[in-house]
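Visitor: Mind looking over this structure? Questions follow.
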Amino acid sequence: MPRHKLIASESDVSIEVDEGKDKESCVYYVEVEENCERGKIKQASRDGKRRRERNGETRRKASEKRTNEGESKKAEKKHEKGHRTARKAGEKHGKRQRRKNAGEEDAEDKSSKEKKNMKNEKNKTLKLEEEKEKDVRKKKRKHVKNEEDETNHEKTKQHLKEEKRRKKRKKPETTSESESKSESESASESESKNSPAVGVLGSLTPEELENLKEAVEERKKLITQLKGKPWPMRRKLVVLRESQEFVEKYEGALGKGKGRKLYAYKVMMMKKWMKFQRDFENFKTACIPWEMKIKEIESHFGSSVASYFIFLRWMYGINMILFGLTFGLVMVPEALMGKPYGSLPRKTVPREEEASAMNFAVLWDFGGYAKYSVLFYGYYNSQRAIGWLKFRMPLSYFLVGVGTVAYSYMVVIRTMARNANEEGGGDDTSFNFSWKTFTSWDYLIGNPETADNKFASITTSFKEAIVEEQESRKDDNIHLTRFLRVLANFLVLCCLAGSGYLIYFVVRRSQKFALEGLENYGWWERNEVNMVMSLLGMFCPMLFDVISTLENYHPRIALQWQLGRIFALFLGNLYTFIIALMDAIQLKRAEEEIVKKNMTIWQANLYNGTVPDNSTAPPLTVHPADVPRGPCWETMVGQEFVRLIISDTMTTYITLLIGDFMRAVLVRFLNNCWCWDLEYGFPSYSEFDVSGNVLGLIFNQGMIWMGAFYAPCLPALNLLRLHVSMYLQCWAVMCCNVPQERVFKASGSNNFYMAMLLVILFLSTLPAIYTIVSIPPSFDCGPFSGKPRMFDVIQETLETDFPAWFSKVFSYASNPGLVLPFLLLLVLAIYYLQSTSKTYKRVNMELKKKLQAQNEENKKKNKLAALKAASDLEQARKAGEQRRNSISDLGVNEENPESHVSSSHTSRPPASRGHTSSGHLPGHPQQPQKNSKKR
């Protein structure tokens, strides 16, 4: 073929070159038309190869040129860089030479800096090496922790699975579930103690975290309900410790980040606050005076005897406040800032009394120097302001006297209201003995003496409950008891009338002795009134106690009747004494008028006289002891009350020592050598007289309230008396007395004591108010001397120390036209509140009756349900026995058919001849045979 035919045209061949690649590595694609022949294709391929080779050579040459040009450019750049570095080095060298020429100090600094830099580099390298070592150690620790967390995670998963299985097996309503959960959680807790809770919780699933939260909540509930569990104390302590550790371990760890820290802080503060509250309660209990003594007495003698000592402690607290007011605001300011002894006639012993002023008999009667001291009313000066503080002595004296009475009213009424609120809930008498049997013991007692006291207290409480139950079920002859009670009241009235007449007779005799002069009589005539009152107060309660045996009252009601009778006796004696004092006051005032007239004559004679001409007389100076003075009836009243308190105290203590201590010694040491049994016969050991001692306290306090205005020392004397009485009577009760034969619960007696104390407070303030308002004070003694009435000190203070408008407002407010409507409004408010309280009480009683009726119905339903369940169980048991007997009879009949046939002619079954079945006697037919025949 010709060559031009074999060469492909441009339309038949096209060459494509990849532009993204180098020319050397280009790939040529030849596309030939499909209609060309094979020869043409081969020729074209050969031509293409040749062309490719030519093009490759041209491209190689071009690339070599390019590489040569690039290398030349790089060499030029390197040469330029070398010139630049040489220039810079020259410049640096010049700078160094200049610095060297400037001075050698800069070189030294640079060398030191270079050294420091070297050291810093070395330290950095050392630190880097240490950090690398630490990183290696941390990695090792993390690896160990991860392994521990994985093991703990597996353990917690296993325990949670076990808890789920136990929850599925047991019902959620039973109480045993909480116990089993507590045991499983305690086991899981003991295993996971050594591992941190946070790491374990981080690897738990949400479901497992919820289960753990539920477990924590259940542990909390278990801690709150642990007291009500019927478990031994050892088990309670173990469960409590385990639950607290579990809650502390997982509760705070369930939070996240700041919340977890805040929760931990709250828990810590809550624990500290609870500990502080517990310690503060213990501190308050430790600060209560005589608490352990009273508890010991209550454990051996019951709550009735302990109520007296509690009442005595309460009275001690009131007298402590009264003593603080009188001592701090009356006695101390007068002793420190008032005029000293001997400066005024009222502060000086008269000349005729100086010889006997320090005798013991005189001081025992509070005369002599004791009379002219801060202990009594007459010593105080009537000056408005005393000392550098300008202390208003008359105003302070009056306000303290009124304030002590007001404080006493407030405290007594508040205590009565609190006792009424405590007693208003009612007593739950259902299952009384069961509660006492199973809940009385305190398992935290660790002292043998405390355990003995608790045992005695439980025994006494059982005796009290038995007496209450017996009295509620007692059914006596009504007509006989009414007759005996009327007779007892008639005898008591006769005793009261006789004691009143005796006191009136003695008072009239004492007035006759006073007119004739007490110096002419002995000790008994001078103290006849006080001694008769003390003896009546000692023997009349014993007579009332004997009479009360006829009435056959409940011990608590008998105590209240006894207290009421002794109250009437003491009240009559007290008011008879007050009437006698009023008569003595009138005599003193008449004597005072005579002294006033004599004072004018004495002063006239003192300053009138004859003097010779052209001479000067020396100034007249009269010693305060030589100045005539009035009788000062206020000091006389204060002395009488102080003597009465002292005589009553001494009578009480002597009676205690002779009537209790000597009697107990006689019975204890002469019982073995006497004709009869002294312990159970006459005289026997004495019982503690609750009623007499309580009334003694109440009337003693009434005399303090009545006489404290005229003798500021009375609260201090009463405080000392109560303090000594507490220790002496506690000792006498525990050593010399025996418990009462009929021990009763005195829960309602405390408010009865308060009611009598309130009556005595009211009756004792009436005479003091009468003397303050109606009787004018003495002219030469006391802080109110020179005033027409004692309460005028208020009006004087308003006029001198306050603005005019304030005194006008006070005068308008004290107008009877405003006071009487205000009092009427108060009476109406009291009546309204009393009526509403009665309705509330009635509603409460009805509600209580309904609740009791519902309780009785529930008891009946429970009994019927229990009987039904017991009958069902009995029927099921009988049915099971019948089935077992019938099955055994059928088996015997199948094994021995001949014996069964032969036994049909006998009167008893063959089973009774051999081994008898349970619950049947041999020789009697059994019911299972009938059941087998029916089958």
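Going from the start of the chain as shown, residues are counted 1 onward.
Backbone N, Cα and C atoms are what each Cβ position is placed from, and that goes for glycine too.
Just so it is clear, the model here is predicted, and its values are computed rather than measured.
Sequence annotations record features per position, and here Swiss-Prot assigns region 'Disordered' to 1-21, 37-204, 874-935. Taken from Swiss-Prot, the feature compositional bias 'Basic and acidic residues' covers 37-47, 54-79, 109-136, 152-163, 172-184, 874-886. Swiss-Prot lists 303-340, 392-423, 480-510, 523-550, 555-589, 633-670, 690-710, 714-736, 751-774, 818-851 with the feature transmembrane segment. As annotated by Swiss-Prot, compositional bias 'Polar residues' applies to 899-919, 926-935.
Walk me through the surroundings of each of these features.
Guide: Through the fold, the transmembrane segment (480-510) approaches residues 525, 528-529, 532-533, 536, 540, 543-544, 547-548, 550-552, 565, 568-569, 572-573, 576-577, 579-580, 583 of its own chain, all at least 6 residues removed from its boundaries and within a Cβ separation under 8 Å.
Sequence-distant contacts of the transmembrane segment (633-670), counting only residues of its own chain at least 6 positions beyond either end whose CB sits under 8 Å from a CB of the stretch, comprise 364-367, 371, 375-378, 527, 530-531, 533-535, 537-538, 577, 581, 584-585, 588-589, 592, 678-679, 683-686, 696, 700, 703-704, 706-707, 710-711, 713-714, 717-718, 721, 725, 728-729, 732, 735-737, 771, 777-778, 781-782.
The list of residues near the transmembrane segment (690-710) in space but at least 6 beyond its ends in sequence, with Cβ under 8 angstroms from a Cβ of it, reads 304-305, 307-308, 311-312, 315, 318-319, 322, 326, 376-377, 401, 404-405, 408, 537, 541-542, 545, 559, 562-563, 566-567, 570-571, 574, 578, 634-635, 637-638, 640-642, 644-645, 648, 652, 718, 721, 729, 746, 753, 756-757, 760-761, 763-765, 767-768, 772.
Within the same chain, residues 307, 311, 401, 405, 408-409, 412-413, 415-416, 419-420, 423, 560, 563, 567, 571, 574-575, 578, 582, 585, 637, 694-695, 698-699, 701-703, 705-706, 709, 789-791 sit at least 6 positions outside the transmembrane segment (751-774) and bring their C-beta atoms closer than 8 Å to a C-beta of that stretch.
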Visitor: Counting only residues 6 or more past its boundaries, what in the same chain has a CB within less than 8 Å of a CB in the transmembrane segment (303-340)?
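Guide: Contacts of the transmembrane segment (303-340) (Cβ under 8 Å, skipping residues fewer than 6 from its ends): 289-290, 293-295, 297, 347, 374, 379-381, 386-389, 391, 393, 396-397, 400, 403-404, 407-408, 411, 415, 464, 555-556, 559, 688, 690, 693-694, 697, 701, 704, 708, 712-713, 715-716, 718-719, 722-723, 725-726, 729-730, 733, 739-740, 743-747, 749-750, 753.
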Visitor: Just give the helix, strand and coil counts over the compositional bias 'Basic and acidic residues' (874-886), going by DSSP.
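Guide: Result for the compositional bias 'Basic and acidic residues' (874-886), in helix, strand, coil order: 13 helix, 0 strand, 0 coil.
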Visitor: Are there residues at least 6 beyond the ends of the transmembrane segment (523-550) whose Cβ is under 8 Å from a Cβ of it, and what are they?
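Guide: For the transmembrane segment (523-550), the sequence-distant neighbours (Cβ-Cβ under 8 Å, at least 6 residues beyond its ends) are 365, 484-485, 487-488, 491-492, 495, 499, 502-503, 506-507, 509-510, 513, 558, 561-562, 565-566, 569-570, 573, 577, 580, 643-644, 647-648, 651, 655, 689, 691-692, 695-696, 699.
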